[in-house]
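Structure, as structure tokens:
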């Protein structure tokens, strides 16, 4: 089973979208094996967005992601990374397919509600950045015995 990192950003938390997003994730068949509401500090934000250091939008990005709580999750399932990315939609909500999280809820590219890992390497890095190994649980969903 593949794992991926997904985070409801401050705009999604502040707008009360955690429950809706979790519902969509579970209905899609992905399993949440870790989750926590947390406040990202500048140090963690800089590690998370290290590839953007030096870019013109970096300070705004750090300011936004540290502006309020986020809901961080580790998801597990077949093709979890691609599945989560399809559910999220394109970064720019105006280009996101109807029915995706960003098309339905995001307001602007800079306030696009959700983040998800884009590769197995970034998923592993982000999971290790936000979760200790003992925070990630293994369990069987009730439906698994029927499939």
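All positions are counted from 1 along the displayed chain.
A Cβ is built for glycine as well, from the same backbone N, Cα and C atoms used for every other residue.
According to Swiss-Prot, the protein has these features:
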- 115: active site, pros-phosphohistidine intermediate (ACT_SITE)
- 9, 57, 85, 91, 102, 112: ATP binding site (BINDING)
Where residue 112 (ATP binding site) sits in the secondary structure, as DSSP reduces it to three classes | coil
May I ask for the distance between residue 115 (active site, pros-phosphohistidine intermediate) and residue 102 (ATP binding site), taken between their Cα atoms and rounded to an integer number of Å?
-> 10
Note down the number of other Cβ atoms within 10 Å of the Cβ of residue 91 (ATP binding site), including every protein chain shown.
-> 13
With H, G and I counted as helix, E and B as strand and the rest as coil, say where DSSP puts residue 91 (ATP binding site).
-> coil
ATP binding residues 9, 57, 85, 91, 102, 112: largest Cα-Cα distance, in Å and rounded to whole number = 22
Around the Cβ of residue 85 (ATP binding site), other Cβ atoms found within 10 Å total 18
Residue 102 (ATP binding site): secondary structure state under DSSP, collapsed to three categories | helix
Tell me, by DSSP, whether residue 85 (ATP binding site) is helix, strand or coil?
-> helix
For each of the recorded positions (9, 115), count the other CB atoms lying within 10 A of its CB, then report the residue with the highest count.
-> 9
Measure from the Cβ of residue 102 (ATP binding site) and count the other Cβ atoms within 10 Å, all protein chains considered.
-> 22
